[in-house]
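Annotation source TrEMBL lists compositional bias 'Low complexity' at A:1-15. The feature domain 'ABC transmembrane type-1' is assigned by TrEMBL to A:93-284. Positions annotated as region 'Disordered' by TrEMBL: A:1-21. Sequence annotations record features per position, and here TrEMBL assigns transmembrane segment to A:34-56, A:92-116, A:128-149, A:161-180, A:217-240, A:263-283.
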């Protein structure tokens, strides 16, 4: 806004000189605007329509699913959701909540400790410790599946919630520490140094000064971890066998093979599984994006 | 004495992270490498076979098919999630009123927060010849001959899975590009406008070079993501029909947990590890070199 103080006076006579080209330009611009609007609208429909179809189909009966795939349901059949619930969705839901909530706490806490140690305590071989933590970013869970299978069995946590909680924590520590560390580095050192001068111990400085100041990034980290843990599939598939412990992503697969052609109930189950994260995203959009871009920018 | 204890005391805070990483991330990777040199399964003791499992891989047509599928996945994802997403982000920033821009961004992002299982099952319904919308839409516009049993035919299964994956990820990367574009100082664009550069010119001579760092990151993440892909395929086809949509991840899973060829599966895991590790190292080198240049 402020930069264009001198340029218009130089440019304007040139620009307004030939009227015919300017009308061509206006038409061209209109066409371009139209093309852009069309593209964006088509894309929005392509993104949303499958989801809309999922939600609408979850209220239909089997005949409507077949005969009126594009139409609205004749009535709102909430019983589909009740059926999906008793077919296992509630059980899977509870399991997902347990694993997600527990691993949020462990991951964020352990990562915050690590970030505190890396940014505030001058530890010996700190560079090495940082390398070990961030190096984990380069390692993909798939590669570890087979050895973990034996390891979890010998630790007697195979086929328990703990298997997932421990793995979700271990594999997300690198990313979460990376996020929190980037934020802690930018916090003014004077504050915690003052606290320590006032007689706070390191531990008090962490709990009472640093951690509260990190609240925004802790929220972002927790949200991103929730997204990961709620949707994780490979570990849940391989390390849980007991149908009563299965989380949503794997449970839904089981349900699909059990219900086969009871389409509306399947759609209802999918809708129920997708809803929490969509709602969480719509509420906490800003925190989600901060987490993602904080991770990207540094 | 006190300074020494302080220097080590800080390790207590990071110890839980390091222990968990050592036991559940680093040790399994090393162990996997060792296991790949043995022939073993859940019920029989292991015996050392050297690099036999890797020889098996080299002669296994499904392994090569899987590697090819991963590569296709990577190429399509690069075009859509880096090329198209960057263009989409630039269009959103350049042409769309800020109010609407926020709404569109939210819409485009939504598939990324839905689990791959939900998206995978949903798309398997969309592709389903009985109830799916894809065939019905084709029939509605008179393209009956284009209809397929999309996930049931070897020629279309992999492509259909890749298409679903693009649906899920384009908006996600576009939003990240939007953030990168917003960090470009507005003056550059204003100066370009004054010089008479149109939007396309501005895109190529300002936007593309200025988001280079984000683009590099996205290229790396997209490629390594494509070589790690597992969920989409496992949910939608389990690698079928007749192994046509097999990728390294699902072939590993099948060998390990369904066919009990643990040694061979470990060898496949090592291949995946080497590919993704090389990509990660390339990223480190590229970003460091660029830092030095700047």
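Here the Cβ of each residue, glycine as well, is placed from N, Cα and C on the backbone.
Under 8 Å from some Cβ of the transmembrane segment (A:161-180) lie the Cβ atoms of residues 95, 98-99, 102-103, 106-108, 110-112, 114-115, 118, 133-137, 141, 148, 152, 214, 217-218, 220-221, 224-225, 228-229, 232, 235-236, 239-240, 245, 247, 291, 294-295, all in the same chain and six or more residues away from its ends.
Away from its own ends, the transmembrane segment (A:34-56) comes close to residues 69, 72-73, 267, 270-271, 274 of its chain (Cβ-Cβ under 8 Å, at least six residues beyond either end). Of the candidate ranges A:128-149, A:217-240, A:263-283, A:217-240 has the most C-beta pairs within less than 8 angstroms of the transmembrane segment (A:92-116). Non-local neighbours of the transmembrane segment (A:128-149) in the same chain are 114, 117-118, 158, 167, 171, 173-175, 177-178, 234-235, 238-239; each lies 6+ residues outside the stretch with a CB under 8 Å from one of its CB atoms.
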